[in-house]
Structure formats: structure tokens, C-alpha cells
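Working notes for the structure below.
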Amino acid sequence: MIKLLFMGTPQFSATVLKGLLDNPAYEILGVVTQPDRAVGRKKDIKVTPVKQLALEHGISIYQPEKLSGSQELIEIMELGADGIITAAFGQFLPTILLDSVSFAINVHASLLPKYRGGAPIHYAIMNGDKEAGVTIMEMIKEMDAGDMVAKASTPILETDNVGTLFEKLAIIGRDLLLDSLPAYLSGELKPIPQDHSQATFSPNISPEQEKLDWTMSDQEVFNHIRGMNPWPVAHTFLEGQRLKIYEAQLAEGEGLPGQVIVKTKKSLVIAAGQGALSLLVVQPAGKPKMAIADFLNGLGRKLEVGDFIGR
């Protein structure tokens, strides 16, 4: 039985971890995940999906704010793991930790060397890519730059958003890891170096990127909305108040960027730099998420054709 240390945080990671837990060839000695966070207006403490799964299986849990130089690092190294598996962990691993195990493998949600970094799924959708994928790769000190063990891809559908693609890639990543790891560990599967000259990056989404730019084309705005749903969520402004936009669809019509060009009891169409979009699901500041018809029956009823949002 191969003894593993698992490192990851979101549901993507938990899906991969569950696959390892269900496989009798591996024993998970411990998991390292991000600290619990206070979320929402009530500041409720939320544990990570990886921690929740570890609790259910009685696995030791380590949650350092920063792994390097921490007491947890010493404790982790004393576990005596054969190898490390990471998936969306969100921290660099200290060299001393990498050197302490026989192998360290990362499950990365992009077709490397494209989209190294923390938000590959967001950028794949926002950039209008036709496919996304997962790469199983060796871990080195440089971010997502290690040799590639295996790859798998899937189409990005017009109906996909970050949430749906996240779920698809988690399953692909889980299966790809379990399929490739035995051959990798036996030496049968030889890793392939990345072409570093082709590397692109997907840094974590900044608050400024969440704001919609209505001068973009309708397709670009549409991709941007999908590439922010369900987190961190794209937004615009209406009368100085933030209006989050979860869902929209391409629509007919032209106008000035951000201009209301159609308004009925159940629809609101906004012009982009080229083309237009019909808003479907929004969330006004301080209100719950709602269908556009409910918004137009309330806060949005003052909007008229010719008015502007995003100003």
C-alpha cells in the first residue's frame, strides 16, 4: 500500500481525494488544506470540502495559514509518506517537503503549459476557449512547470460556467490520476517536459476583473459572465449600486455600450460594444439572487429603454 499525503481545498480537490480513499492501493496518512474561513453576512465558519471529507474518514488534518516554516510542516514530514498528491491546494510546497518524499504529483485543471496558476477554469471560459482539460504533472519549485505525466481534455459548452466545468474536470482529474499513477510509479509511464516557451498564466481573479466592461462584444461579455459564475460573480452598477449578474444570453439588437435597448415585464436587454445580451439572473446589493422578471418587478422597474447601466 502506497502511503500518501494529500493537499487541496475546494470540491475539485475533494473529488480527487475521494477517488484515492476508495482505492485500496493507497493510504492517506493526512490532508493539508486551507484554514477554516468566516463566510457570508453572518460570518459563519466554513470548513473546506477536503477537511469535511477527511473528518468523515478519520484522517489527520493540517491547516497552516502558510505551510513553509510552520510547525505543521514538521509534523507532516514526520508522517513518513511515500508521496504527495496535490489538487488546487493554493500554496507553494517547500523544497524540504518535496525532497522528503519519493514523488510529488499535482492534478492541475488546464492543458499545460497553458494556464499555469490558480484560476485556469475561469480564464478558459472568459477567453472563449473551445476545450479545457486536466494535466497530471510532477511538482517542482516553479509553479505548474513540472514534467507532464498525463493529459485529458473535454469540450467547453456554451452552457458551461465555472461551476459546471469545475465539476466535469474534477471527475476527469480523479480518473486520470487513478489511471496514470500506477504506470508512473512503476516507471512504465515517462513524464514529458513542458514547452516553457508556450506557457501562459491564470492568476487569481482580481476584484477589478469582476466588473463587466460593456464596451466588449456581446460574446466577450457573455463569456465573462460565465467565467465568473458561481464565483466570484461578475457585476455592473445601477444607480451607483452593485448589481451582480449570474446568467445572461446573447440577444438581438444594437445600442451604445451599457444601454437598455429592450425592457418588458420579463426581459431586460443591454447593448454591448457589439451586439447585446438579455440578463436572466441577477442579484442587487443586499438582496438575494433573483430571476430578471422579479428584479424588473422591484428595483428594476424604474429602468427605461435608453437608460444606462455600468456607469
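Every residue gets a Cβ built from N, Cα and C, even glycine.
S110 ((6S)-5,6,7,8-tetrahydrofolate binding site) carries neither a helix nor a strand DSSP state and counts as coil. Taken from Swiss-Prot, the feature (6S)-5,6,7,8-tetrahydrofolate binding site covers S110, L111, L112, P113, and the record attributes it to sequence analysis.
Cβ neighbour count for P113 ((6S)-5,6,7,8-tetrahydrofolate binding site): 20 (other Cβ atoms within 10 Å of its Cβ, all protein chains included).
In the shown protein chains, 26 other C-beta atoms lie within 10 A of the C-beta of L112 ((6S)-5,6,7,8-tetrahydrofolate binding site). When Cβ neighbours within 10 Å are tallied across all protein chains shown, the highest count among the binding-site residues S110, L111 belongs to S110.
Taking the centroid of the Cβ atoms of S110, L111, L112, P113 as the (6S)-5,6,7,8-tetrahydrofolate site, the other same-chain residues with Cβ within 8 Å of it are H108, K114, Y115, R116, P120, G133, T135, D144, K151, Q194.
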